[in-house]
Every structure is written in C-alpha cells, then in structure tokens.
Amino acid sequence: MINTNDMFYAKSSDAEIAEAGEYGGAVTTLLKFLLKEGIVDAVLAVDSSADLYDVVPILIEDPEDVVKAAGSLHFGTLNLAKVVTRYLDGAQDMKIAVTVKPCDAMTMVELMKREKVNADNVIMVGLNCGGTMPPVKGRQMMEEFYEVDPDSVVKEEIAKGKLIVETEDGTEKEIPIDELEDEGFGRRTNCRRCEVNIPRMADLACGNWGVIGPLAGKATFIEVCSPKGAEVLEKAKEAGVIDLEDPIPKGIEIREKIDGAMVKLADKWQGNDWEDKAGREIFSVLTEYMDDFSRCLKCYGCREACPICYCEDCCLEANNGPDWLSKGEIPPSPMFHLERMLHMVESCTNCGQCEEVCPGEIPLAKIWHEVNAKMKDTFGYVKGTGDEKPPIAYFPVGK
C-alpha cells in the first residue's frame, strides 16, 4: 500500500513512452493512465509551439496525445494556475490533471483557499524546478555563448549546475549556470531567488534528482505528497503501467543535498537583490522603489498576468476605485501599486508573470517577493502550503 511521504524510482512499463519521455517516462505514463481510465477529463500541460523558446499551454483529452507534451521546456515561463482559473473555470465542472512547477503549485493552493479552483477536481503532478529562462534572452544566449543557431537546438536540460543543449546534428554543449548568470543570462531573476525546488504542495513531486545506480537517467524520483497522490500511484502500479522500486538511500541523501544547495543559492540571490534583507520594514521597501513605479504606464499588464488577481470588477479601474486612487494620471499615484499589493502580496508566489509583461521594466517580482518575505517574517504565513487562510486576505462577495 502506497502512503503519503513514500518515495520511489519510477519508470514506464511502455518501452515507447520510456524512450519518448524523460527519465523513464513516468510522468507521461501517469498522465496517460489518468486520461485513459477516465479519472480525469483532461490533462493541462505545456508544449513547444514554433520552437523550444515558444512554450504554450496545451489541454489534452486524447490519451494518445499525452506523449506530445513529454520532456523539459526550461524556456516555458507561464504559470498554469492562471489558465485553470481564466479558461477552465477553476475546474469547477471538469476533472483535470495539471503538471506544475513549484510556483504553479503554490499558486493553485492559494486559489483553492479562495475557492477559485475546485481542489476536489484537480490532481497536481509536480515537477522539480531549478528555474526557467526568458525565451528572448535565451535565443541571444545560444548565439553569444553557445555559438549555435538558436533554431538548431532540439533539446536542453539543466544537470549538475550546467545548462546542456543539443543541436540537430547531435552536438552537445554545456556551460555552468553560474557563468551564464554572471553575464546576465541563465535563469529568470525571480527563479534565482526561489527557495522552493521540490513541489511538495502538489500531489506528487517528480524529478531526476537522487536517481543513482543502474537507473540513473532511466527513471524518475517520485515523492508522494498527499493521499490523492498515493491513490493515483497505487492505481497506476496495480494496472501495471508503471514500475516502482525503492530508491537507494544514498540517492535520497543526494536529492536533499541538491535541494539544500539550491536553497542556499536562492538565499544568496535574495541578498544580492534586496538591500538590507533582514532589516527593512514593508513600507520602507516600497519607498525604495518609487523611482521604478514612476515608469508605470497604467497598462494593467501586471494585473492581467498575475494569477492571484481574479476579481471581475477590479478596484483599480477608474469607475470602481476608491477616492484615494487618482483617476486619469500617468504615471498613477503610488497608491495604485499599494492597493494592488494589499490584494495579492501575501499570496505572491514569485512566479514572475507581472515583471515579464511590464513595458516599463519595473522589477515587480523582486518588489513583491521581498514584501511577501517580510510578511512571512511578520505573520508566519507561508504561501502555497496547507489550508491556512492568508493573514490579511479578504474575499469580497461576488468577486
């Protein structure tokens, strides 16, 4: 009997999927099984569109199509929680399995607390994540550092602190992530600061960290994180679609060491990005960025991209706003940003969506991440975990 907190090395029983998927195709097999058995109505994942740098959400209803979404896409920066609420009605009337990075999973949990996502209808298959990369700079990085045509890259992966790319002719090149980031490339800045790499708030947490011995590179390390995850894995095992074996104890230790090293690296980047990390109060953080806020065009891009912003009638709109929000001014009053902060910052998961779409290049993710960290210190609230309600959240009727 599989239980919460159990760990396994897993690989697909289907040789074709094991070859097409990464690390034994365990995730692909689980998603296909869930669809084929009617446990879910659809699978929400990501797929490449024009190329590896153009990553889009994909809703899969045919089990045979699941393999199309197999493999890593580190240039995929979108947050799938936004897709669930905006286009799938929060899974209110359909059952879905969603592949989630840690920030996706944490956002889903926050939206479940607000009853914007039906937790009973969602299975979260978590994927370990050490960070994603901005696609435009990614193409530039391929030309300048790897000296290859960006369009010739057919595969990329992050392993042992290096970004490894493979081109059409089978050539592999690798460069340490640290070297790329020292030059302003590599992972997104919000990903560098992120201290959550294993999505234990999902139902299953899957990745290649800790798989050693004969199955190294041929199996997925799966940690069971919820009773729902245990039930899914048990059913897949009983159906014979997935092979499980106990992980090597040394592998468990290695996995924890990798996670610990990534957390330390995130702490370093937080120290680099945030002045006086331990000492500043919340409002002094906002004061620090007034010059940045002066570049705001009031385009509402941050609101539209933020997966935590979901109100149908937004108080930031001129006809809905309170008296202290000035109307028709560009840039808007700092109260514009303060009002938005009060609505979402305790649940900010540092997914970086706001910063990516800002035409004024305001470092929004950096600002809100720092404020969120201050709120954690003040209230002890950890976003994206458990079922505790956010400390200052309010949920207007009808929103």
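Cβ coordinates come from backbone N, Cα and C, glycine included.
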Further binder of [4Fe-4S] cluster 2 named by Swiss-Prot next to C348, C351, C354, taken from the candidates C225, C296, C299, C306: C306
Out of C206, C314, C315, C358, which one does Swiss-Prot list together with C296, C299, C302 for [4Fe-4S] cluster 1? C358
Averaging pLDDT over all residues of the domain '4Fe-4S ferredoxin-type 2' (339-367) gives 92
What is the nearest of the binding-site residues C296, C299, C302, C358 to C351 ([4Fe-4S] cluster 2 binding site), using the Cα of each? C302
Near [4Fe-4S] cluster 1: residues not in C296, C299, C302, C358 with Cβ within 8 Å of the site Cβ centroid are L297, K298, Y300, G301, C354, V357, P359, G360, I362, L364
Whole-number Å distance separating the Cα atoms of C348 ([4Fe-4S] cluster 2 binding site) and C358 ([4Fe-4S] cluster 1 binding site) is 17
Local backbone state of C296 ([4Fe-4S] cluster 1 binding site), from DSSP in three classes: coil
For the domain '4Fe-4S ferredoxin-type 2' (339-367), jot down how many residues DSSP puts in helix, in strand and in coil. 18 helix, 0 strand, 11 coil
Given the binding-site residues C296, C299, C348, C351, C358, which one is most crowded in terms of C-beta atoms within 10 angstroms? C351
